[in-house]
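Data block below; observations after.
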Amino acid sequence: MPQRVLLIVSGGIAAYKSLELVRLLRKRGIAVRAVLTRSAKQFVTPLSLGVLTEDQVYDDLFDLKAECEIGHIQLSRQADLVVVAPATANILAKMANGIADDLATTLLLATDKPVLAVPAMNVRMWHHKATQRNLAQLRADGVHVMEPDDGEMACGEYGKGRLPEPEAIAVEVERLLALPSRADPLAGQQDFMGDTGSLAGQHVLITAGPTHEPIDPVRYIANRSSGKQGFAIAAAAARAGARVTLVAGPVQLQTPAGVIRIDVETAREMLSAVEAALPADAAIIVAAVADWRVADAAGQKIKKDGSGQPAPLALVENPDILATLGHHAQRPKLLVGFAAETEKVADHAQAKLAKKGADWIVANDVSGAPGESVMGGEDNAVQIVSAQGIECWPRLPKHAVADKLIAKVAHALSPSAD
Ligand code: CTP
């Protein structure tokens, strides 16, 4: 039996891209049934979607004739995943408020299946407080929300709000369909979160990746961090229903569904973005921040002067983001740091716990040749160091470390925790 997606297309100029999305999903062996809102029909015809899905396309007119054959409750539950793409500001607002005034929104209210919303709208509509409030509500309700792309818009403005490429949406659909709890026929939004526990209503702030510290406009100091562990933790926190802010250094990774990502380059930019994101219930500080930066980065490319001597580079220490949070007036209730060590892992982690004012330090051994090391690799073997002692976890894929850590965070933040 193929996996099934109920695709709700709402009305916006990006609606035409739903045709390509259907094609890509079908190519992956996923069955698609489409529902069009009234305004979506201005942009894409039921006939073209019907041809591509090889199925009946549903819209408001379906009620009278087909309700006796297939009720809307049934329609909303026959899929494994409901995808709203493009999701306009209007449909997001209705979803966030439980409004059911047409077939699409009625299905969204009636479904017991996971929902992925893929927003697309004008940049100002995207940044409007009302839209951001609605998105936060949807995430807290367990809806997976993809981040829109940046770029030129159909209306001529430039910024965030473009529908992500259909290929990226198809990858996300596949990922959500592969989550284990999908197999449970009774799985609702909460159950769909897997074993990460619930973080609904909590704000989780995460840093990830390296920082780049400029030497001159073309050179920088960096390290081997890939950002994979931090991104996996952000994805797990979003699946657990948290509002997630991910402050990311320069990495080539896709933003996990439902995560608000802020891209930065340097340690100082990372600190500003972190402080601007406060307050947070928990902060998980994973980034491999460069300890030093060049005191006076050159405005122009540094040239060889012919003497054979390299230009001297004076370094100054960067701010410590974890320690700043540990002693901050708005210190998150739970503060988790990481420690990258190449020797005496537990001892160094204990020392960092006290020095940085963190609640837990997730310590990992980053020794090993490039390519075999935790840095950039797929697995991680960590020890959780806290005032309560040391927990040693087995070597696990980074996403499993992320799920386990988020389950521990959810437990620590739950009202019943002491
Ligand atoms: N960290 C930070 N800001 C810095 C340096 C480190 O927020 N400028 C955070 C890291 O994100 C991590 C923790 O502090 O959560 C420990 O980082 P690590 O690199 O292991 O330790 P350092 O403090 O840099 O100490 P050292 O390099 O001496 O081991």
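Note that Cβ sites are derived from N, Cα and C of the backbone, with glycine treated the same way.
For CYS155 (active site, proton donor), other Cβ atoms within 10 Å of its Cβ number 12. Per TrEMBL, the feature active site, proton donor maps to CYS155.
According to DSSP, PHE338 (CTP binding site) is assigned to a strand segment. What TrEMBL records for ASP291, LYS301, PRO319, ASP320, ILE321, LEU322, PHE338, LYS352, LYS356 is CTP binding site.
Annotation comment: TrEMBL describes 4-175 as domain 'Flavoprotein'.
Annotated domain 'DNA/pantothenate metabolism flavoprotein C-terminal' per TrEMBL: 199-411, in sequence order.
The feature region 'Phosphopantothenoylcysteine decarboxylase' is assigned by TrEMBL to 1-203.
Residues or ranges marked as region 'Phosphopantothenate--cysteine ligase' in TrEMBL: 204-418.
The binding-site residues ASP291, PRO319, PHE338 differ in how many other CB atoms lie within 10 Å of their CB, and the one with the most is PHE338.
Least packed by the Cβ count within 10 Å, out of the binding-site residues ILE321, LYS356, is LYS356. Averaged over the region 'Phosphopantothenate--cysteine ligase' (204-418), the predicted model has a pLDDT of 91.
Note: the CA-CA distance between ILE321 (CTP binding site) and CYS155 (active site, proton donor) rounds to 40 Å.
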